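Chemist: According to Swiss-Prot, the protein has these features:
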- 163-195: region 'Disordered' (REGION)
- 218-240: region 'Disordered' (REGION)
- 270-292: region 'Disordered' (REGION)
- 298-407: coiled coil (COILED)
- 429-700: domain 'Protein kinase' (DOMAIN)
- 435, 436, 437, 438, 439, 440, 441, 442, 443, 456: ATP binding site (BINDING)
- 724-796: domain 'U-box' (DOMAIN)
């Protein structure tokens, strides 16, 4: 910094519009000058001793850091304004309880030649009459070699020159200094001004007092309009004494602004005085006339100053009350903050103890984790080596198979069985092993490769050996769905298919209460919640077939006889292998009509398919609707839709009579909802049938949830009253049979919901009382399958 640099200090208090106005004025006034250095001053109070003694060193440091951070954030907008103008800036944050003294010392120590400050709220009354505001005290305390600029609303309000001239002028910088008054007061004409050339200072003082009186009167009027009734009473007592003096010269007080004039304002009075002076100059001594004018002026000046003092008194009284209230609030906040600080200190000590304990536990856990990590690394290396060796063996085996079979494209996706194996397993197709006869062939139960399977032997005709049979067999071998009958293998040369065996027969046998054969006992009826679940399973399998890519698969022969049930009454659709892959392009419709006759069972065939021969996914929707009606009623498909519609139209409660009573107590609302879906699916025109994915599946999904809840309640009742589950079926935490068993990292199996809640509150195993190595949970599928099978046996 050069010796000839101009040092300009800008003192700010906070971050508001007043501060921005002060900074903006300083930049506009001094930034264009050469060799100028700006200093941004901010004074913050010192921390009291009472507070510092109650804090610990750590808390005091945190408190100071927080104060410094808030100060930087407060000064940031002002700093950015200086940076934007690309001027040299130093930021000085002073700590002192006396703002004026701190700024004075900074001006003295740094040789500041220009000081820019903001005006206090009460400075509008008078710079000379009120010296108690902060701006005045700063100006008085500042050394005389420094000029002080007082800014209000972005404008220059007052300047204290550095040449020791203490005279100040109170004027609005937007108006020019001229000898004039407003439209209500009139003007002093130039023709009469020569008569008072002997007293120009007198009229200048009258003009200044008039301007000040108007501004102060307006401000006091605003103060009086506010609802401070307790101030008005005291001010009113002063007005009574003042009115006697004002009436002598024609002055009075108005209700709107607090100060007014009767008949004419001060300019009118001034004009009358000039006329009196002019007339008296002819008949009296000029010296005595001038003396009388000075006396009258001094009297009027005292009256105006009296009004100023009373106005400032009212404002000061209001400020004192506000300051007192703020002081009470600050004391209350200080007490609350002290209590809060004490509580925080106690909590901090407790937290330190907990942290120390956790640190010790962490060290122990890290040591244990290190041992586990080393074991895992060794096991991982061994596993990777084993996988690498297995991959090499697999590739070699694959290479040999490709060489033997002529390439990967010729490999079959299903197991090939020799015809002799099938003949031997079925005891030369013994009638004792026959479990069903269909339109395409007979079905036998037998054992192949130590597995119970169902072998369908197609009727021996030429169609079974065509290219279409092999194409459909290839497609079927690639389809996998939980509710589609699984194809295990085939003997393509003889048109034989090998499926997984379904122990509980077909849905038709369970609904119509028919035994598969004479030797088997009568199966129990399906309960209503199982029927809701079966309906959803069939719909999900159909949706899988209909959304197949690149072309949908239509079953064409969907009926209860082709829906099979396993040990747990889980349903699977059979005869998928003889389904039809259709092209939804309308140009192929005639081809389907000419080459394909109606296929399927009469009461389940789509009426439009019967009429046109066109195979579409909606054909399966029609058959599915009939099946839904049979699930609810357990009646024959013939005329079923018509009889149900008739029962629904009857208001005498016949709907409950068509429900299958052997299924238990039906929920009437849900049963009626399923019947309505079935009737919509069985509409005569396919365009009137609902969409499987958007309309049917969401409804059945909701019904399945209702059925799942009812099934669990039914099973729990059986468990509580009649049966005891195996001990490993119970959760160690809830002591109930698990519905979703999961293996935790301690090696024990828990109910998933219960162990998750345990892990949120505890880190030790409820069985071993040792820390969990990790929070991972693995589903125990084998145990879940065993629990489901056990529940199914209970329900049966």
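Glycine is treated like the rest: Cβ placed from N, Cα and C.
Situate these features within the shown structure.
Modeler: If you average pLDDT over the coiled coil (298-407) in this model, you get 88.
Using a 10 Å radius centred on the Cβ of residue 435 (ATP binding site) and all shown protein chains, the other Cβ atoms total 18.
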Chemist: Rank the binding-site residues 437, 443 by the number of other Cβ atoms within 10 Å of each Cβ and report the first-ranked residue.
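Modeler: Within the set of binding-site residues, the most crowded position is 443.
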Chemist: Counting across all protein chains shown, how many other Cβ atoms sit within 10 Å of the Cβ of residue 441 (ATP binding site)?
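Modeler: So the Cβ neighbour count for residue 441 (ATP binding site) comes to 19.
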Chemist: DSSP-wise, what's the residue breakdown of the domain 'U-box' (724-796) into helix, strand and coil?
Modeler: 28 helix, 12 strand, 33 coil
